[in-house]
Structures are given as structure tokens and as C-alpha cells.
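Here is the structure we will look at, set down as C-alpha cells.
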Amino acid sequence: MFHATTIVAVKKGEQVAMAGDGQVTMGQATVMKHKARKVRRLFHGKVLAGFAGSVADAFTLFEKFENKLEEYQGNLQRAAVELAKDWRMDKALRNLEALLIVADKQSMLLISGSGEVIEPDDGIAAIGSGGNYALAAARALVKNTDLQPAQLVQEAMEVASSICVYTNDQIIVEEL
């Protein structure tokens, strides 16, 4: 499990939103930064990507993923599969410790270093130390409210930040 991060994403129809907290923790006990940006727009603003794990590793993966998006003309699924293949096969990449959630208006995917590319059945994904709390909150909110994706991820992150010590309430939301 990756500490110091929570990312949650919700897709409803062609609307998608992703949120991440801002906390960066060094080791197990020291908060080094409160307002880190862990959710980004890629490929001319058409793709959202969020990471959990080592910051340096995540920047490497963002760059590799954006290169794959360019190579495959924005085809999210193809770019994700190719990144996962490289991540699994390349000796240097294999040592990177991170998870990614990527989304565009058509799909949302979770990408892991073990080569997994998973599309959630319900259009909801969460990763990181507070991921399970955010996932549970998002699912409950989707089922019981009419909130839009941006509001859903904001609320889910607030729940996670109130429970997980590695997740703060400095939440950044991006939406398509």
C-alpha cells in the first residue's frame, strides 16, 4: 500500500472528475508538503491522471504515459496497455512504486506496475492509503445522491481525509 496519498475518480456518462489530496509524507511520521498536485491534465487537457506512490516515480510515469498518449493519438486504452507492458518488462521501470488512475470522457483505467490495466465496472476508482475510504464514500454518494462527479469526488476525499492520517484536506479536483 502507498502512504501519503489518496486519489479518487468518478465517471458518469461523459463527465469525469478526479481528486487528490495534497499531503506528501516523508517516512512514516513527517509531513513535508501540504499542497502537492497529484492530479494532472494530460494530452491537451483531454485526459486526467492521478498517482499514488513515490513522487519521483509518478513524474516518470506521467511523462511515459503522456508519450504513449501522443504515440497512439490520445487512445487512452491503447496508451495504458502499452505503458503497463513497458512498466512490467523494463528493468528500470519495474522498480517504480506507484499506481495511476487515468480517465478521459470515454473510459477510466487503473494502471499498476505489475502490468494490470483495470477498468472499474461502476465508473469509480480510488488508490492510495485513503483509497478504500474514498471508494466506499464515492459509491455510497453515487448510489444515494444526484451529485455531479466533481462534487462526488470532493465529498469522497473529505471523508477519506477525516479518517486516513496520510490524507489531508487540501483537495484538488479536475474534471472533463
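Just so it is clear, glycine is given a Cβ too, placed from its N, Cα and C backbone atoms.
What Swiss-Prot annotates here:
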ACT_SITE  Thr5  active site
BINDING   Ser161, Cys164, Thr167  Na(+) binding site
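Structure coloured by features recorded in Swiss-Prot.
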{"residue": "Thr5", "record": "active site", "Cβ within 10 Å": "30"}
{"residue": "Ser161", "record": "Na(+) binding site", "Cβ within 10 Å": "22"}
{"residue": "Cys164", "record": "Na(+) binding site", "Cβ within 10 Å": "22"}
{"residue": "Thr167", "record": "Na(+) binding site", "Cβ within 10 Å": "30"}
Same-chain neighbours of the Na(+) site, Cβ within 8 Å of the mean position of the Cβ atoms of Ser161, Cys164, Thr167 and not counting those residues, run in sequence order as Thr6, Asp21, Gln23, Ser129, Gly130, Tyr133, Ala134, Met157, Ala160, Ser162, Ile163, Val165, Tyr166, Asn168, Asp169
Between the C-alpha atoms of Cys164 (Na(+) binding site) and the residue listed as 'active site', the distance in angstrom, to the nearest integer, is 9
In the three-state DSSP scheme, Ser161 (Na(+) binding site) belongs to helix
Students should find that the Cα atoms of Ser161 (Na(+) binding site) and Thr5 (active site) sit apart, in Å rounded to an integer, by 10
The correct three-state DSSP answer for the residue listed as 'active site' is coil
